[in-house]
Amino acid sequence: MPNPDRPHVVANPKPRDLPAPSVEEPVDPVPPLDPPSDVAAPELRSATGRPVRAAATTRAQQGAFLTTATGTRLRDTDHSLKAGRRGPVLLQDHHLREKITHFDHERIPERVVHARGVGAHGVFVSNGAAAKLSRAAFLQADVETPVFVRFSTVLGSRGSADTPRDTRGFAVKFYTSEGVFDLVGNNIPVFFIQDAIKFPDIIHAGKPEPDREIPQAASAHDTFWDFVSLHTEAQHHTIWNMSDRALPASLRTMEGFGVHTFHLVDEAGDTVLVKFHWKPAAGVHSQLWEEAQLTAGGDPDFQRRDLYDAIQNGALPSWTFGVQVFPDTEDETFEGIDLLDPTKIVPEELAPVQPIGTLTLTANPTNYFAETEQVAFHPGHLVPGIDVTNDPLLQGRLFSYLDTQLTRLGGPNFDQIPINRPHADVSDMLRDGFHQHAVHTGVAPYKPNSLDGGCPFHAGVADGAFLEVPSPVEGEKVREHPASFDDHFSQPRMFFRSLSPIEQEHVIAAYTFELSKVTWPQVRERQLAHLALIDERLCAEVAAGLGLPAPTPDPDVEVQDLAPSPALAQIVPGATYPVAGRTLGVVADASTRTADLQAVVDAAQAADLLVFVLGPHAGVADAADGTFAVDKPLYQVRSFELDAVVLTTATTPAADVPSRRDAKVGSPDHRDVGVDPRTLLLLSELFRQGKAIGALPDAAPALVQAGIAEDDPGVVVRGDAAAVTEQVLALVAQHRVWERLSPVG
Ligand code: HDE
C-alpha cells in the first residue's frame with residue numbers, strides 16, 4: 001500500500017471504463033448500469049420511422065432483480081429444482097431449461113471471411129471539398145456523421161490472433177441523414193481477383209487446408225501458393241501481402257482503401273470517378289515479422305486491446321478521408337490504367353489524394369456481440385450522390401453481402417438490429433420474417449394503395465431520392481474480361497521498386513519464409529518464375545533462400561517498367577510522425593527515485609503517450625524513496641507492447657557483476673548482483689526491433705549487460721529524466737531506429 005507520507009507515482013489510472021467492484025459480493029440491489037450515452041443504441045423505431053418505445057427501455061437489463069426472459073423475478077439461479085437435495089432434476093424447472101436453452105444457442109455463424117474483427121464508434125466530419133462533386137448530404141461542409149468502424153483480418157477464425165500476415169478489413173458505416181452509406185474497404189488497395197466469381201476459389205485456397213484445418217490465419221501453405229501462382233492476376237495483391245502492409249503495427253496506423261472505383265454524382269447529375277482513401281494521422285506503420293510472431297503468442301488480442309486502450313485513454317485514432325478523382329470518360333481509364341480493374345492502383349503521383357473530411361474514433365463498443373459481431377456492412381448501402389461502377393468484383397459483392405447475412409444473422413430483418421439501424425427515417429414496406437422487431441401500423445404494405453392514404457410516397461430528386469447513374473449499357477452476353485485486365489506483372493514490379501530498401505528486404509524475407517513452408521517443389525518453382533518477371537534481384541534472393549536456381553524471366557510475358565511511386569513506400573528517411581498514442585515502458589524498482597519516475601511519466605504523458613510503469617511485481621512496488629503503481633509486471637510485459645523504454649533503475653556496473661547466472665529472478669537481493677534478467681530480455685528484444693531505449697545515468701550499466709553500447713543508434717543515456725525522455729520521444733516520432741535494422745546502406 002502507498003504510504004501517505006511518502007511519494008507515490010501512478011502513471012496509468014484509466015485502464016477500463018468500468019466501476020470498481022467491491023471485494024465481497026454485494027447484497028443490496030442497485031439499478032443496472034446504463035451504457036455510456038455516446039454509445040447507447042439508437043432509438044428503436046417502427047418501420048415507418050416513428051419511435052416505438054422510450055430509448056431507455058432499449059437497455060438490455062432494466063431492473064435491479066434477476067428475472068426470467070419474461071420478467072418473473074427469481075430467487076435462485078445456482079441450483080436446479082430437484083426432488084430432494086440428492087434427487088434427480090425435475091423437468092418442471094422452467095428457469096433451468098430457459099437458461100440452458102438460451103445458452104445452447106448463443107453462437108451465431110462467424111463471418112465466412114473477416115471473422116476476426118474489432119469495432120469502434122466515431123464521427124466523420126466533412127470539410128466540404130467533395131460538395132462540388134457529390135450531392136451526398138454527409139459530404140457537404142462541416143456536416144458531422146456518426147460512424148461505426150470494424151477492422152478485421154481476412155483468413156482467420158473468430159478466435160484467431162490479431163497479427164498474422166494478412167490483409168485487414170477496414171469497413172466504415174456512415175449513419176447519414178439520407179440513410180446508411182457503407183464503405184467496405186481493406187488496408188491494401190488491390191484485390192486478388194478481378195471477378196467476384198473467383199472469390200470462393202481464392203478463399204478456399206487461403207483458408208486452412210480442408211484435411212487438417214491448418215494453418216490458422218496464415219497464407220504460408222500449399223493451397224494458397226498453388227492458387228496465386230496459377231492465377232497470376234493475384235500477384236499484385238500477393239506482393240502487398242508479402243510487404244509490411246500485411247503486418248500493421250496497430251489498427252490505428254494503417255491506411256484504408258475503397259479498392260474499387262466509384263461514381264460521385266453532383267446536384268446537376270454530372271459524374272466523376274473516384275477511389276476512396278483513409279490516411280491515418282499517426283502515420284502508416286508496421287510490425288516486424290519477429291514482433292508479429294511474438295505477439296501472436298504473447299497477446300493474440302494485441303490489436304484489439306491497443307485500439308480499446310487508445311480510445312479509453314483519449315488518444316483518439318483519426319484518419320483523413322480522401323479521394324483520387326478521375327474524369328468519367330467512356331473508356332473508364334486514367335493514364336492507361338483501367339479504373340474497373342481492382343488489381344490496379346492509380347499512383348498518387350498521377351492523381352493526388354484530395355482530403356474531403358476526417359474520421360475520428362471516439363468510443364469503444366459497449367457490447368462486443370451486439371455491436372461488433374452483429375454489424376452488417378454492404379457495398380450496396382449507398383446514398384444519393386455516390387454510386388457503384390461496373391467493376392465486376394464490386395458487382396458480385398453487391399449480391400454477396402446481403403445474402404451472407406441471411407445465414408449469419410438469421411433472416412432478412414438484420415437492418416433492425418440496433419447497430420445496423422439507419423439514423424434516417426425508414427418506410428420500407430418490408431414485412432414479417434424472422435426476428436421482426438417493428439410493430440408496423442397500417443393495413444396496406446403495398447403500392448399503390450389508397451387504404452393507408454397512399455403512404456409512403458415515392459420521393460422525387462428534390463426529396464433526396466437515390467438515382468442510379470444512367471450509364472449506357474450494351475454488348476453481347478459473354479464470359480470474358482477486357483484485354484486491359486491482362487497485365488498482371490507491371491504494377492507488382494512498380495510496387496516492389498517503389499519500396500525503401502528495408503521494406504524490399506522484408507518482402508524478400510516474407511516470400512522466402514512463406515515459400516519455404518510450401519511442400520510441393522512444383523508450386524515453389526512456379527511462383528519463382530513469377531518473381532523473375534517482377535524483379536530479378538527479388539527472384540534471385542528468394543531462390544537462394546530456398547536453395548533453388550533463379551529462373552530466367554519468361555520472354556513471352558511483356559512487363560512494363562512503370563515509374564516508381566514514392567507514395568507507396570512506408571519508410572521515408574527523416575520522416576517523423578505524431579507520437580500521441582504510442583506506448584512507453586518505464587522500468588522501475590526499489591532503486592528508482594520517485595522524482596525521476598514522475599519526471600519520465602510527466603514528460604511522456606505531456607506528449608500524449610500511453611505510459612506503462614514496469615515493475616518487479618503487480619500492485620504497488622517500493623521505490624528508493626516512496627512507492628509506485630505497477631502497470632505491467634516485468635514477468636508479464638513483452639517487447640511488442642512497447643514503442644520505447646526508459647530505465648529508471650540504478651544498477652551495479654557490469655564489471656562488478658560476477659555472472660549473469662547469479663541474477664536469479666525472485667531472489668531477495670537479485671537487484672544487488674545485476675540486472676533483472678527479464679529487463680535484459682526486454683532490452684535485447686527492443687534493441688533488435690529498432691525501438692528507442694533510454695536509461696538514466698545510473699541505469700546505463702544495464703545496457704552493457706544486455707549487450708547494448710551507449711553509442712549504439714537510438715540509445716539515450718545523457719541528461720536527467722526529462723531530457724532522456726524528450727530524446728526518446730524524438731526517436732519514437734521516427735517510428736523505429738532504422739539504422740539498427742537496415743541490412744543495406
Ligand atoms: Fe468482402 N465479404 N467480399 N471484400 N469484405 C465479406 O460479408 C465478398 C472484398 C470486406 O467487418 C462478407 O458481411 C465477395 C473486397 C470486408 O463485417 C461476404 C468478394 C473487399 C469485410 C464478403 C469480396 C472486401 C468483408 C463476409 C469478391 C475490399 C468485413 C461477412 C467479389 C474492398 C466486413 C459479410 C465486416 C466481408 C464477400 C471481396 C472487404 C461473404 C463475394 C474486394 C472489410 O459477404
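Placement of Cβ uses the backbone N, Cα and C atoms for every residue, glycine included.
Given the structure is predicted, the values throughout are model-derived calculations rather than measurements.
The feature region 'Disordered' is assigned by TrEMBL to 1-50. Annotation source TrEMBL lists compositional bias 'Low complexity' at 36-50. What TrEMBL records for 67-455 is domain 'Catalase core'. Sequence annotations record features per position, and here TrEMBL assigns heme binding site to Arg111, Arg150, Phe199, Arg397, Tyr401, Arg408. The feature active site is assigned by TrEMBL to His114, Asn186.
Projection of TrEMBL feature records onto the structure.
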residue : record            : Cβ neighbours (10 Å)
Arg111  : heme binding site : 20
His114  : active site       : 22
Arg150  : heme binding site : 23
Asn186  : active site       : 24
Phe199  : heme binding site : 18
Arg397  : heme binding site : 20
Tyr401  : heme binding site : 17
Arg408  : heme binding site : 17
Task: Cα separation, His114 (active site) to Asn186 (active site) (Å, whole number) - done: 10
- [ ] Consider the binding-site residues Arg150, Phe199, Arg397, Tyr401, Arg408 and say which one has the Cα lying nearest the Cα of His114 (active site).
- [x] Arg150
